[in-house]
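Visitor: This is the feature table in TrEMBL:
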type	residues	note
DOMAIN	60-460	domain 'Amino acid transporter transmembrane'
REGION	1-24	region 'Disordered'
TRANSMEM	89-113	transmembrane segment
TRANSMEM	151-173	transmembrane segment
TRANSMEM	193-210	transmembrane segment
TRANSMEM	222-239	transmembrane segment
TRANSMEM	251-275	transmembrane segment
TRANSMEM	287-313	transmembrane segment
TRANSMEM	333-358	transmembrane segment
TRANSMEM	378-398	transmembrane segment
TRANSMEM	404-424	transmembrane segment
TRANSMEM	445-468	transmembrane segment
Amino acid sequence: MTVDKGHTNTAFVGDEAINGKKPPQAKTIDPNMYTLEIQEKKPGLETEYDPFQHRLVEHPTTNNETLIHLLKGSLGTGILAMPNAFHHAGWTVGVVGTLLIGLLCTYCIHLLIKAEYELCKRKRVPSLNYPAVTQTALLEGPDALKPLSKIIIHVVNVFLLIYQLGTCCVYVVFVSSNIKAIADYYTETDTDVRLYMLIILLPLILINWVRNLKFLAPFSTIANFVTLVSFGIILYYIFREPISFENRDQVGTMSGFALFFGTVLFALEAIGVILPLENEMKTPKKFGGNFGVLNKAMILIVTLYVGMGFFGYLNYGSAIKGSITLNLPEEEILAQCVKGMLAFAIYITHGLACYVAIDITWNDYLKKNLGDSPRSVFYEYIARTVLVLITFLLAVAIPNLELFISLFGALCLSALGIAFPALIETCTYWHYRKGMAKVWMVVRNSVIGVVAILGLVIGTSTSMIEIIHTFGHDD
């Protein structure tokens, strides 16, 4: 899995960062602003600045490597929840909805990378990360939005932090639920999943004490291989029996569609890795475009997600659970191995995903307040432990995989993956497009923004209502 800080001073945190590589910093950062120090065009400076020609990357990635990184960043617990998402929406709405959401997400990513390139040209910097792009765009936009440029960084960081902590919560529930499924079968008991969460708490804390991601690199490679093999075995179980449309809903309920929307967003969106991957490419011009790396990756990802959701739902019907692994036959060793292997793979991924939340909390906020304290490392370990405990307590409070996925998908990715890219494009070209071109841009992005806000509000509220209903029923 590719992991991205996506918000701090370094431009990329992925497999390269895990291996110990640090991208060069071409510019310094103003302590009061998160955008990179910029240079306006002045006499004597070149009139045309191409950011692609000024990116100094020690080990640039090829197109195929970038494609693989993007696929890895989008394939995880989300795809295993797609059959459950189709159960909520119905298989017809599920197929059409996933295609449309995938198209919308891809379009918004294109808006983001085009805006970043344009802003880099204007400000004469090689690259900008997501928060820096957002802030710079607001400074380029309408005068009414410019005062918001100082707080937008914190807004983006909050969404990133909530999303990453939410992802870690999903991982805790996933690992515990699959361990429980294995243990309950062989012990012939029905143990509370929270007990297994408590059992894995110390290992989760320890893996998040690893300060240098390069030490997790071997485990990450193993986890990627295990995940690939596990997906193959899951597909074997899906197609082992004839597919039937009997008692399978074509169209679900409105509340079910809201849960579906959040789940698909959580599954599809790899918005955090987009800019870092593009910034690390040997030929970044090949990332966008009609036949670029992004479109190729998204076509593959959407196809895989539609296939897993469609055939997984047709196979298991209303009995489908939050993760399709929990529907695999308990009496077969191979199925139990899949649960165990994926539990291990996601456990390793927790250390990588939580790294992002740790980086936001520690490097962007806590470390600045502590200064050069001799106990800085000790305080960092405390911060790491506290963040793991937060994910643990949230998982204990709401041990429901499908509702967690839908909640954090609707809450965070509606903003990060849809609303913000539309806002960024509007602000970036506010003073550069005239006439009908500007009107069309504003109308188009306003519609996208409304869709994002509706998805955020309705998806989040529906997930919260379902959570309250589930716990009320349990009580």
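Cβ atoms are placed via backbone N, Cα and C, with glycine included.
Please treat TrEMBL annotations as automatic predictions, because they have not gone through curation.
Show me how these features fit into the structure around them.
Guide: Under 8 Å from some Cβ of the transmembrane segment (193-210) lie the Cβ atoms of residues 172-173, 175-177, 179-180, 183, 216, 347-348, 350-351, 354-355, 358, 381, 384-385, 387-389, 391-392, 395-396, 399, all in the same chain and six or more residues away from its ends.
Using a Cβ-Cβ cut-off under 8 Å and counting only residues 6 or more beyond its ends in the same chain, the transmembrane segment (404-424) has close neighbours at 77-78, 81, 104-105, 108-109, 111-112, 115, 130, 133-134, 137, 156, 159-160, 162-163, 166-167, 169-170, 173, 258-267, 269, 271-272, 322, 395, 398, 445-446, 448-449, 451-453, 455-456, 458-460, 462-464, 466-467.
Cβ atoms under 8 Å from those of the transmembrane segment (445-468) belong to residues 104, 108, 255, 258-259, 261-262, 265, 398, 400, 403, 406-407, 409-411, 414-415, 418-419, 422-423, 425-426 of the same chain, restricted to positions at least 6 beyond its ends.
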Visitor: So if I exclude everything within five residues of the ends of the transmembrane segment (222-239), which remaining residues of that chain have a CB under 8 angstroms from its CBs? That is, six or more out.
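Guide: Non-local partners: 1, 72, 75-76, 79-80, 308, 311-312, 315, 324-325, 328-329, 334-335, 337-338, 341-342, 344-346, 348-349.
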Visitor: Does the transmembrane segment (333-358) reach the transmembrane segment (151-173), going by 3 or more CB pairs under 8 Å (6 or more apart in sequence)?
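Guide: Result for the transmembrane segment (333-358) with the transmembrane segment (151-173) is yes.
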Visitor: Test the contact criterion for the transmembrane segment (89-113) and the transmembrane segment (378-398): 3 or more CB pairs under 8 Å, pairs 6 or more apart in sequence, then answer yes or no.
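Guide: Per Cβ check, the transmembrane segment (89-113) does not touch the transmembrane segment (378-398).
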Visitor: Going through 151-173, 287-313, 378-398 one by one, which has the most CB pairs that fall under 8 Å from the transmembrane segment (251-275)?
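Guide: Between the stretches 151-173, 287-313, 378-398, 287-313 has the largest tally.
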Visitor: Could you tell me what the rest of the chain brings near the transmembrane segment (151-173), counting residues at least six beyond its ends with Cβ under 8 Å?
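Guide: Distant contacts of the transmembrane segment (151-173): 6-7, 33-34, 77, 130-131, 134-135, 138, 193, 197, 200, 204, 266, 272, 322, 346-347, 349-350, 353-354, 356-357, 360-361, 364, 387-388, 390-392, 394-395, 398-401, 404-405, 407-408, 411-413, 415-416, 420.
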